[in-house]
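**Q** This structure is in C-alpha cells; I'll ask about it shortly.
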Amino acid sequence: MNSSDFKKSFKESTENNSNTYRPSKTLNTYKSLKNGNNIANSLIIQLNNNVNNNLNKEKLIKSNNNKLLNLNNNNKNNNNNNINNNNNLISKNGILNNIIKNENQNKILKGNNKNNSNSKLDVSKKSISKENVNYLVSGSIAGAISRSATAGFERLTIIQQVQGMSQNLSQGYVGCIAAMKEMVKREGFKSIWKGNGANIVKVSPNSGIRFLTYEFCKKHFLDNSSNHPSSSSIENGIDGNGVGCGSGSEMKMTVPQTMFSGAMAGLTSTFFTYPLDVVRIRLSLQGSCSNDYAAHRYNGITHSFFKIHKDEGVKGLYKGLGTSIASIVPWVSISFATYEGFKIICKKMILNYQISSSSLSTTTTTPSSINNNNNNNNKNNNSFIYENELGENGINLTNTSGCSTMASTMPSSLLINSVASDENELKKGVNMICDFVCGALSGAVTMTVCYPLDVLRRRMMIQGIGGNKVLYKNGWDATKKILSNEGLVAFYHGIIPAYFKVVPTVAISFAVYEICKDLGSNKYQQK
C-alpha cells in the first residue's frame, strides 16, 4: 500500500465517521497502516531477494550442471582414451604374442628343422654328397678311359713339343703316323702306353676335380640368379635361352658364367694335380730319343716323386705352374663353353628334324583344307610356332620356321605327341652320339686356340732336367726365345698328333662323363 492509497482511504474514513471523528484513533490507524505498508514492503523486498536467490541458485545449478556435463564428457573422453589404450595394449600384446608364437614356432621349426634340417640336411647332405661323389667318380672314369684310349698320341705330342729344346734333332720324330710307327719300331708296342700309368694317376683325379668344380659353380650360378633369358646367352640368336649342360639339367647360364665355371674348374684341378702332371710328362719323355731330356732317370711314379723332390725340391714338382695355369684355365674354359654351345645346336637340329619328319609322316590333307590353311598361312606369314620342353634333356626350344601346307594342317597336339613319342629314342641313342660329336668339335676348337700355350707349358715344365741349362726365365721369355730361335711354327709342333689325341679324348671324356653321371644319378634315385 502506497501513500496515495493511504490518503484516499483516510479521507473516506473521515467522511464516513465525521460525526465520530477522533484524532487519536485516526493516528493509530495511520500508524498501523504505515506499519502494514512497511511490512508489505519488507515482504516484497524479501520476495525479490528470494527470487534473486532462486535465480542465483538456478545459475549455480546450471553452472554445476555444465560442470557435470564437462566432467562427464571428460570422463567419456578418458574412457575412450582408456579404451583406445587398452585396445593398443591388446594389439601390442597380440603382436607380442604373435612374435612370441612365431619365435616359439621358429624355435620349434628350428628344432624340427634341425631334425628336418638334420633329416633334410642329412638328406641334402647325403644327396649333395652323393651328387658330388657321382660327379667326381664320373669325371675320374671319363678321364681314365679317354686318356688310355689316346695314350700313344698323347706321348707322341709331348715328344714333338719338347724335342726342339735338344741340339741333336737327327733322331727326332716327324709327322704323325710315321712317327707312331717309328716309336713302336724303336721302343716296342708297349711304348705307346709308356707313362700312361702316371697319366691315369694324374688325369683321373684331375678330370674328376674339374667336372666336380664345374658342376659346383654351375649350381651356384643357378641358385643365385633369376635365370631370365639373356642377350649374352650361349645360344643367342637361336632361341634366347641359357646354356644347358648335360642331360637332365635345366641350365640357363650366360656365356661369361659358363666360361668362368670352366676357368675355375681348370684352375682348381690344375693346382691340386700339378705334381702328377710333372711326373707324367717326365716319364713319357724318357727313352724317346738320345738327348739329355729323354735319359732314363725314374723308375715309376713313386720313385719319380722322391727323386724330383730330392734333386729339385718342392719347386721341382711345381715347375712351370704359372705357365700351366695360364694355358689350362683358358683351355678348360673354352672347352666347356664350346661343348655347351655345340650341344644345344646339335639337339636343336635333331629336334627340328624329328618335328619335320613327324609332321610329314603323320599328316594328310584335303583340297579344301589346303585352301583354308593357305589363308591361315598368309595371316601368319607362312610360319608356325612349336614349343616343347624336354626337361630330361635340358632343352628349352622355341622354333619358328616356315612349313609346308601338309605340316601346317597338322594339329599341334598330334605334333607334340609325335615328338614326345620319339623322346626315349633321343635319350637312349642320340644323346651319346650328340655328346661325342659336340665333345669332338669342342676339342678341335680348343686345341687350335690354346695349343701354343700348351707348348709353352710343357717346355717350362721339363727345362733343367738332369742338370741341363734352364733356357727360359718365364713364359714371356720362353715365347720370345722360341719365336727368335725356332719361328712361329714351333708353337704348333706336334699339333697333328695332338688333334688325333685331343679330339677323341675330349669327345670320349664328355660322352663317358654324361653316361656315368646318368647311371649314378639313376642309382641314387632308386635308393
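The backbone N, Cα and C atoms fix where each Cβ goes, and this holds for glycine too.
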**Q** Of the ranges 20-40, 188-208, 377-397, 398-418, which one does Swiss-Prot flag as transmembrane segment?
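**A** It is 188-208 that Swiss-Prot describes as transmembrane segment.
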**Q** Taking Gln354 first and then Lys469, would you say Swiss-Prot puts both of them on the same side of the membrane?
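**A** Topo match: no.
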**Q** Mean pLDDT across the repeat 'Solcar 3' (430-519), rounded to an integer, is what?
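**A** Mean pLDDT across the repeat 'Solcar 3' (430-519) comes out at 85.
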**Q** Using a Cβ cut-off of under 8 Å, list the residues of the same chain at least 6 residues beyond the transmembrane segment (133-153) that approach it.
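**A** The answer is 176, 180, 183, 192-193, 196, 199-200, 203-212, 215, 497-498, 500-502, 504-513, 516-517, 520-521, 524.
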**Q** Per DSSP, what is the helix/strand/coil residue tally across the repeat 'Solcar 3' (430-519)?
**A** 77 helix, 0 strand, 13 coil
